[in-house]
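**Q** Found this in TrEMBL, in case it helps:
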REGION    B:1-25  region 'Disordered'
COMPBIAS  B:1-11  compositional bias 'Basic residues'
COMPBIAS  B:14-24  compositional bias 'Low complexity'
TRANSMEM  B:42-61  transmembrane segment
DOMAIN    B:105-319  domain 'ABC transmembrane type-1'
TRANSMEM  B:109-130  transmembrane segment
TRANSMEM  B:142-162  transmembrane segment
TRANSMEM  B:190-212  transmembrane segment
TRANSMEM  B:248-270  transmembrane segment
TRANSMEM  B:298-320  transmembrane segment
Amino acid sequence: MKSRTGKRRYTVIGLLLTAVMLFPVYWMINVSLTPQQDMRKDPPDLLPLHPTFEGYRAVLDDQMPYLGTSLLIGLGTVALTLLLAAPAGYALAKLRPFGGGALGLALLVAQMIPGIVMAMGFYGIFLDLGLLNSWWGLIVADSTIAVPFGVMIFTAFMSGIPGELIAASRIDGAGTFRTFWSVVLPVSRNALVTVSLFSFLWAWSDFVFANTLDSGGDLRPITLGIYKYIGNNNQEWNAIMATAVVASVPAAVLLVLAQRYVAAGVTAGAVKD
Amino acid sequence: MTTARVGHRPPRSPAARSGAAGTAEEAEARALRRRRRLRSRLTALAFLAPLAVYLGAFYVYPLYRNLDLSLRDYTVRSFVAGDAPFSGWDNFRTVLDDPTFGPALRHTMLFTFVSIAFQYVLGLALAVFFNRHFRLAGTLRALFLIPWLLPLIVSASTWSWMFNSESGVINYALHLVGASPVDWLTSPDWALTSVVIANIWIGIPFNLVILYSGLQNIPAELYEAASLDGASAWQQFRRITFPLLRPVSAITLLLGLVYTLKVFDLIWIMTKGGPDDSSSTLATWSYQLGFGSLLPKFGPGAAVGNILILIALVFGLLYIRVQRRQEA
């Protein structure tokens, strides 16, 4: 009996801690629903007692093109990342290539390079090639965040595929590519989902590359939409926070639909099971 | 890795090797095997080639461009024309002599180490707490991931408004407990503290998840034995949890270090490194030099970026060393 009430106490403490941790998220939602005239009220309304949707109307009016661009860039980054990382992961895991170890090390180091340094290098290159302010240039730049991570996830996952499975496919007469496409990829579903989720989320959230390489383009991502809002009218905080809420939707969807993949992605590479 | 080899090489029986009649067949088989191995090597290359080309074009080349930028005397015109004169270490000398360098380096270190210390301690405490397996523990632990998953511009703008001097909810909370309001983002004394607080909030989930997964590998029998011996919860933590978690802790801290050193978005969005460089780190200063004004100083900006890479690599290689040793 004692231990059960003890456990219940833990649940109560856990709820309190979560509430404290998520207060900024709650506050973002609360402010997004606050009418403009109440924004600077003292004391502030802790609950959205008179909710308004004027902030969300502003999102509909101003931010739809930005959201569309972010979706496009996110999906493009996922495609490019999978295209590069899945075959490379298979080669590193199963085909024992020349220089595989060195490549693995290079990928680890690549993840440590600060984004601003990459952005500055890309700026010079894109300027030469006339790629500044183009959405697909941004896809290329955004993919550099996810590709090394993707290769590492695929390598780790595909190393665990039983050799017998691949040998059996060989005996059936399938070549390496065929084996990869119709045997290895289908059983690597978990890795595919993890890499896709993270590359989408990182491309969707990217601010450094967008601000450096696409600040004057016709198609700009939502991170720049918010940034422009903050810069222009730093009074209409319900519109800013409403945009922030909408920009958080992919993260929320991800957490609900794919929580175990998220946890797997965070721990991958850091801890060896 | 070992299972993969089984399929490729059929084990040779000793009888076949010693049999004199089999030598011709054996030589042929060996040639066939060699050819097959060569072909599999070539296929491996084909699978890796796109990645190799990609890394060359979009990692090595930008880094080379950045190094080149830092070693030349660029102006806006010569940046476009591409004919800036080579200037050796001049940009690095300029940057090291700049009065902003000392503070930026100090802020970078403060930002990184204070953030990490709090993220780790709070993350560890939460991991131990969630390891008690109470009702809703799994769901609440998942909710704790949210700050880490949100786009940085979302977190940064939310914290900006919460830190607002006149209408921010944090000053309101201070008012409730009787403290006087603080100019969080607009006072040089508080700007760095503000961005550190926001960064701690963002980093806690990462520490929590990794440390929690580390806790799962500690055998439960150890705790059972300890509690039979009458060890208190604190003693169990000090004698079992903390020592056995040391390898995971090392990885978490080093990885956190590498990631925190390069934080840029958060600070740039909240304070732009200001007021008066009071919250500028090497990352924001580098960006400020290169892109923050109408008269960009690409050379010095790139130089600061390269110094940052150097610092990140020191900790990065340390991380790789620790990780490799743990795997061995």
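The backbone N, Cα and C atoms fix where each Cβ goes, glycine too.
TrEMBL: automatically predicted annotations, no manual curation.
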**Q** Grab the same-chain neighbours of the transmembrane segment (B:190-212) for me: Cβ-Cβ under 8 Å, and only residues 6 or more beyond its ends, written as numbers and ranges.
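**A** Apart from its flanks, the transmembrane segment (B:190-212) reaches 107, 110-111, 114-116, 118-120, 122-124, 126-127, 130-131, 141, 144-149, 152, 155-156, 159, 163, 182-184, 245, 248-249, 251-252, 255-256, 259-260, 263, 266-267, 270-271, 274-275, 278-279.
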**Q** Which bits of the chain, at least 6 residues beyond where the transmembrane segment (B:248-270) starts or stops, bring a Cβ under 8 A of a Cβ in it?
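**A** For the transmembrane segment (B:248-270), the list is 108, 111-112, 115-116, 119-120, 123-124, 152-153, 155-157, 159-160, 163, 185, 194-195, 198-199, 202-203, 206-207, 210-211, 213-214, 279-284, 287, 308, 311-312, 315-316, 318-319, 322-323, 326.
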**Q** Who are the chain neighbours of the transmembrane segment (B:298-320) in space, where the CB to CB distance is under 8 Å and they lie at least 6 residues beyond its ends?
**A** 63, 66-67, 69-74, 79, 84, 87, 90-92, 94-95, 98, 104, 108, 251, 254-255, 257-258, 261-262, 282-283, 285-291
